[in-house]
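S.K.: Below you will find the structure I want to go over with you.
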Amino acid sequence: AAIGSGGHRGWLAATNSSSSSLGLESAVQPLALNPWDVVLCISGTIISCENAVVVVVIFYSPAFRAPMFLLIGSLATADLLAGLSLMLRFAFVYFIPSEMISLLTMGLLVTSFIASVSSLLAITIDRYLSLYNALTYYSERTVTRTYLMLILTWGASICYGLLPIMGWNCLKEPSACSIIKPLTKNHLLILSVLFFMVFAVMLQLYMQICRLITHHAHQIAVQRHFLATSHYVTTRKGLATLATILGTFALCWLPFATYCLLGDHSSPALYTYATLLPATYNSMINPIIYAFRNQEIQRALWTVCCGCASSTAPFRSCSPSDV
């Protein structure tokens with residue numbers, strides 16, 4: 001059986017009495033319940049419920065077929081799969097231990113988190129282009145580009161998630177394991193490097209978006225003879241929203257991505273849990289930032305929940321730049 005730091009058992013592969021890596025085990029004997037695993041399972045349940053609502057609203061409403069909503073739907077789908085993966089891993093580790101199921105659930109978890117981060121990048125690109133090419137954004141080319149980004153996002157995510165199942169794992173060579181078993185150290189290093197590349201691109205794009213927001217707000221203020229204070233308030237609001245989006249992403253993912261570069265199979269499992277948990281919170285926060293703040297989605301939710309939305313209220317198609 002797997003024994004983690006402090007005697008806990010669960011997703012932990014023992015290497016010595018005080019350090020271990022996160023993983024799924026094929027041991028037959030019952031495992032002692034690890035509180036960290038319970039917290040991850042609860043997080044997965046909340047993530048699944050939140051994102052299931054977004055997925056249902058977007059994909060079952062004809063009004064949400066704009067590129068922006070398709071990308072938000074992709075993000076919600078990825079986060080929904082991430083939440084389900086956390087719950088399935090908990091169930092299979094403690095109740096149905098199996099090596100093949102371990103690989104399948106790990107592959108699903110890798111796929112979902114890669115798709116989630118990639119969808120965030122796609123949303124960032126879409127927001128930037130909606131400002132940079134504002135006159136041509138609402139064209140057939142934007143729809144084509146959106147579908148292309150979705151195909152690349154999910155194609156790459158699924159292919160990479162299949163690697164552990166197809167043999168790139170450390171089940172036969174424990175010394176090659178990363179902080180998350182059965183992923184190899186090299187596997188996790190590649191994921192971490194890719195994450196930092198995505199983060200760097202997002203940071204650069206949001207810096208460009210900040211410049212465009214400031215420029216556009218100034219132009220509108222001049223054309224409509226707004227006061228300087230109005231221009232300042234509008235710009236500050238947009239920049240604060242962008243800072244919240246990027247800051248949340250960084251706070252959730254950077255600790256885990258950094259620890260993936262530094263840790264290995266002998267690293268204390270406590271540090272793995274402590275950095276992985278905030279990363280899962282990103283999938284919990286994404287629906288709030290990208291979906292529930294949107295007025296059209298809010299109206300659809302109210303209609304579904306209580307039917308109290310005004311039937312005469314016009315449907316205003318928001319631009320992705322409405323941050």
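Placement of Cβ uses the backbone N, Cα and C atoms for every residue, glycine included.
Bear in mind that TrEMBL entries carry predicted annotations, made automatically and left uncurated.
Pasting the relevant annotations from TrEMBL:
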type	residues	note
TRANSMEM	36-61	transmembrane segment
DOMAIN	50-290	domain 'G-protein coupled receptors family 1 profile'
TRANSMEM	68-95	transmembrane segment
TRANSMEM	101-125	transmembrane segment
TRANSMEM	146-168	transmembrane segment
TRANSMEM	188-206	transmembrane segment
TRANSMEM	239-258	transmembrane segment
TRANSMEM	270-292	transmembrane segment
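I'd like to know what surrounds each of these features in this structure.
M.R.: A Cβ distance under 8 Å defines the sequence-distant neighbours of the transmembrane segment (36-61), meaning residues of its chain 6+ beyond its ends; these are 8, 10-11, 69-70, 72-73, 76-77, 79-80, 82-87, 90, 93-94, 273, 276-277, 280-281, 283-284, 286-288, 291-292, 297, 300-301, 304.
Long-range contacts of the transmembrane segment (68-95) within the same chain: residues 10-11, 24-25, 30-31, 33, 37-38, 40-41, 43-52, 54-55, 58-59, 101-102, 105-106, 108-109, 111-113, 115-116, 118-120, 122-123, 126, 130, 146-147, 149-150, 153-154, 157, 280, 283-284, 286-287, 290-291, 294, 318-320, each at least 6 residues beyond the stretch ends and with a Cβ under 8 Å from a Cβ of the stretch.
Beyond the ends of the transmembrane segment (101-125), by six or more residues, the same chain brings 23-26, 68, 71-72, 74-75, 77-79, 81-82, 84-86, 88-89, 92-93, 146, 149-150, 152-154, 156-158, 160-165, 169, 171, 180, 182-183, 191, 195, 198, 201-202, 205-206, 209, 249, 253, 279, 282-283, 286, 290, 320 to within a C-beta distance below 8 angstroms of the stretch.
Within the chain carrying the transmembrane segment (239-258), a Cβ under 8 angstroms from the stretch's Cβ atoms is held by residues 117, 120, 192, 195-196, 199, 202-203, 206, 209-210, 213-214, 274-276, 278-279, 281-282, 285, 289, 323, all 6 or more beyond its ends.
Sequence-distant contacts of the transmembrane segment (270-292) (same chain, six or more residues past either end, CB-CB distance under 8 Å): 4-6, 21-22, 36, 39-40, 43-44, 46-47, 50-51, 53-54, 57-58, 72, 75-76, 78-79, 82-83, 86, 113, 116, 120, 123, 179-180, 244-245, 248-249, 251-253, 255-256, 258-259, 263, 298, 301.
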S.K.: Could you pull out which residues elsewhere in the chain have a CB under 8 Å from any CB of the transmembrane segment (188-206), counting only those six or more residues past its ends?
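M.R.: Apart from its flanks, the transmembrane segment (188-206) reaches 110, 114, 117-118, 120-121, 124-125, 127-128, 160, 178-180, 242, 245-246, 249-250, 253-254, 257-258, 260-261.
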S.K.: Could you give the mean pLDDT over the domain 'G-protein coupled receptors family 1 profile' (50-290), rounded to a whole number?
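M.R.: Across the residues of the domain 'G-protein coupled receptors family 1 profile' (50-290) the model's pLDDT averages 87 on the 0 to 100 scale.
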